[in-house]
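Participant: According to TrEMBL, the record shows the following:
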DOMAIN    12-77  domain 'HMA'
REGION    567-587  region 'Disordered'
TRANSMEM  173-196  transmembrane segment
TRANSMEM  208-226  transmembrane segment
TRANSMEM  246-268  transmembrane segment
TRANSMEM  274-293  transmembrane segment
TRANSMEM  427-449  transmembrane segment
TRANSMEM  455-478  transmembrane segment
TRANSMEM  813-832  transmembrane segment
TRANSMEM  838-860  transmembrane segment
Amino acid sequence: MNETVKTIIPVERISVSVEGMTCASCVRRVEVAAGKVPGVVASSVNFATKKLTVEPGAGFSAKMLAAAVKKIGYEVAPQTMTLMAHGLKGAEDAVRLKAVLEAAPTTVNVEVDAQSGAVTIESMGGARQREVLGETARLAGFALKAPGAAGHDHAGHEHSHHAGDEASLKRDVVLAAIFTAPLFVLEMGGHLYAPMHHWLTGVIETQTLYYVYFALATVVIFGPGWRFLKSGFPALAHGAPEMNSLVALGVSAAYLYSLVTTFAPGLLPANARHVYYEAATVIVTLILIGRLLEARASGKTGDAIRKLASLQAKTARVERGGQTLDIAPEEVVVGDIIIIRPGERLAVDGEVVEGASYIDESMISGEPVPVQKTVGAHVTGGTINGNGTLKFRATKVGADTMLAQIIALVEQAQGAKLPIQLLVDRVTALFVPVVIGVAVLTFLVWAIFGPEPAYTYALINAVAVLIIACPCAMGLATPTSIMVSTGRAAELGVLFRKGEALQALRSAAVVVVDKTGTVTKGRPELTDLLVAEGFERHEVLRLVAAVESRSEHPIAEAILRAARAEEPLPNPSPQGGGANPAAPLGNRMGDLPHGLSPLVGEMPGRAEGVFAPSITNFQSITGYGISATVDGHKVDVGADRFMVKLGLSIAAFADTAQKLGDEGKTPLYAAIDGQLAAVIAVADPLKPSSVHAIKALKSMGIEVAMVTGDNARTAKAIARQVGIEKVVAEVLPEGKVRAIHDLRNGGKILAFVGDGINDAPALAEADIGIAIGTGTDVAIESADVVLVGGDLLGVVHAIEMSRATMRNIRQNLFWAFGYNVALIPVAAGALYPAFGIMLSPMVGAGAMALSSIFVLGNALRLKTTKVST
């Protein structure tokens, strides 16, 4: 293999669709075959998504994996992308480019057209394959680019592939029904209505009817029914029978028995010369109808991915070399300047460099209120621009964008295997061989001990056992519930990164939360400004903000934002737009809901214009405060000890400062020209939903605790406001790990909620780590669950979805196993001695088809799961 290719292509977990899988036994066969391929470290198959996921290692080859899967009777369906190669000078270059690309471990096949430059690549790689293969070509001296603005739509490819399967099933159902209907009417009509039988046999000889039946049945079995035979018998020959094997055996037994009756009746006793063509054809038709309904229901389980994919922009308008070009989003590179007009969808993530507008970010936050964006603000791909025009610089493109990360995480979660699935897999691995054994035993028992015609009864009951058994329902029970629930969770802003978390959260007994950025907003705000007699509040705020404009402390930012809210700064962007003025600040800023509008926080700059016409003699005294001369006034801002150091008495504000501190706020003092002028309070306010979320967790019987590195006084004040009794404060990251260990209280399942960066050790230590989404990075490695919107209510939603999912899976498994345990004995004739009841193979086919549909329908109920609001 080309060594350059091996070093530049990062081979991550690979997922690829597999065609031909029909039951849980197929899953096991594909997993085993894939696991034996050199370079495959681990393999797993999700029956609901029909996808094989492998963890590749050294020496991995997608071609070898595809060949191994094909050898056991299945086909991989790699992603196909068509790109244009620039730099080809002839056939020799085309051959060289083909060799370079085919050397990539994830490439299955490459075709290069030397004339047009079109390059068609079949690959098992993930979302990054376009860029890494493009880099491979670049190193070889070529450039690969998208052929047009539309680019490659992975979700669209998956959807069209599924639609193709559904269309094929529909054609087979129609064809089977056309030929089965007259056969069923001719054969069963006589049994149901005696005069019809007499009329029919009077017009057409019985042997002639058998020939007609044979012709009709042959078309059905070797036409639409061929899909069962072509995979069922090879699987049987390999010693790994599956669902199609059961159908193939049952249908073939009925068909062959009928052939003997038709063409060699002398081989059978006179009382056993019956034909079962109608049974064979009805079985094929009913199972095909069941597969079609199953495919339609299964298609709905992937709605979440398609909805997310539909948020992707189709084109991006970039400025390059003085020109404005419309290109595919995949062609955007970091640093490109992109122009967004009113109503357009953003193609990638970036930072605004020009203009002002409001953007609908409901896909991230779930909130329908547009968010103002001005110069310096971050924007996210997939969101929709409002009425303004923006220019922004691309900071994350391709698979690194927030939307791409979310789609990747949802796909990963939908393909996950829960611990409960391991038990199901072990049972289903034995299921088909056991059913075949039961069918053989049924035939022998009826043939030896049954009433005459014994062989007829033996055949009917053996075929009924083969047909009614349904490993499909058992295979679908868990993965379909996972697919639907993770999609619903994604709509709620909850991303399950690991399947184990989806199962474990149901049993969470303790939820431990960090304070800053989890319970609180994580950004200080000015909440109180109380001025002494003789000072004017607006002027005090102006002078204090001017001094703070020279500081980099978060408290300074809070004071500046408040000052801008009262008297907005000019926006230095070329568009000249500014933030909307907020209501004037009163003595108690917390009483003014519009005084701290989040839009103010987007304002650029620090103290331009009105804040600082003249600032001199600035000093920052560590541990005390800051001071400067503003417009000729000496201004000092800092802690109480700073005022004492300056020789000023703070007695007039002592009680007020104490009260503010007890509320979890940080009191500061301001002195102007040597006189105490004001007490200022800054706090990290609660998120709007924190109180409701904590209350909801408690109502679910979950113990809630807070662990934070903040000081105990502030932590306890915040805890009191949200209703948390247990607080561990003033701990470093390693101290949080010890606190989690102590809070488990003897083995309770514990979930920790943090920001995913500072809390990485605690997230890893907890049984379930839940990370608050940090800006645009949702692929937080240390977390099991990520809350995209950063809302603590997401924890409640995650637990509710976990409980609903596990409840749904238990219902599916109960039905799937209960169905087989109850009906296989009935099909074998267990009720005949006592009640004279025998189950027709045709009834068995209908019941088998409905079993899978029931499981899918039950799983789809998770799409409407109600959660706390």
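Cβ atoms are placed via backbone N, Cα and C, with glycine included.
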Participant: Who are the chain neighbours of the transmembrane segment (274-293) in space, where the CB to CB distance is under 8 Å and they lie at least 6 residues beyond its ends?
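Facilitator: For the transmembrane segment (274-293), the sequence-distant neighbours (Cβ-Cβ under 8 Å, at least 6 residues beyond its ends) are 22, 166, 169-170, 172-173, 176-177, 179-180, 183-184, 187-188, 210, 213-214, 216-217, 220-221, 224-225, 228, 247, 250-251, 254-255, 257-258, 261-262, 453, 456, 459-460, 463, 467, 840-842, 844-846, 848-850, 852-853.
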Participant: Which numbers of helix, strand and coil residues does DSSP report for the domain 'HMA' (12-77)?
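Facilitator: When I sort the residues of the domain 'HMA' (12-77) into the three classes, I find 22 helix, 22 strand, 22 coil.
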Participant: With Cβ distances under 8 Å as the criterion, find the stretch in 246-268, 427-449, 838-860 that has the most pairs with the transmembrane segment (455-478).
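Facilitator: Answer is 838-860, with the largest number of Cβ pairs below 8 Å.
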Participant: Report the mean pLDDT of the predicted model across the domain 'HMA' (12-77), rounded to a whole number.
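Facilitator: Summarising the domain 'HMA' (12-77) by its mean pLDDT gives 85.
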Participant: With Cβ-Cβ distances below 8 Å as the criterion, list the same-chain residues six or more beyond the ends of the transmembrane segment (427-449) that contact it, or say none.
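Facilitator: Non-local partners: 23-25, 27-28, 241-243, 245-246, 249, 455, 457-459, 461-463, 465-466, 469, 471, 474-475, 817, 820, 824, 828-829.
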Participant: Using a Cβ cut-off under 8 Å, which residues of the same chain at least 6 positions beyond either end of the transmembrane segment (838-860) come close to it?
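Facilitator: The answer is 250, 254, 276, 278-279, 282-283, 286-287, 289-291, 293-294, 297-298, 300-301, 457, 460-461, 463-464, 467-470, 472-473, 476-477, 480-481, 483-484, 808, 811-812, 815-816, 819, 823, 826-827, 829, 831-832.
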Participant: Could you tell me what the rest of the chain brings near the transmembrane segment (208-226), counting residues at least six beyond its ends with Cβ under 8 Å?
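Facilitator: Contacts with the transmembrane segment (208-226): 172-173, 175-176, 179-180, 182-183, 186-187, 200-201, 251, 255, 258-259, 261-262, 275, 277-278, 280-281, 284-285, 288.
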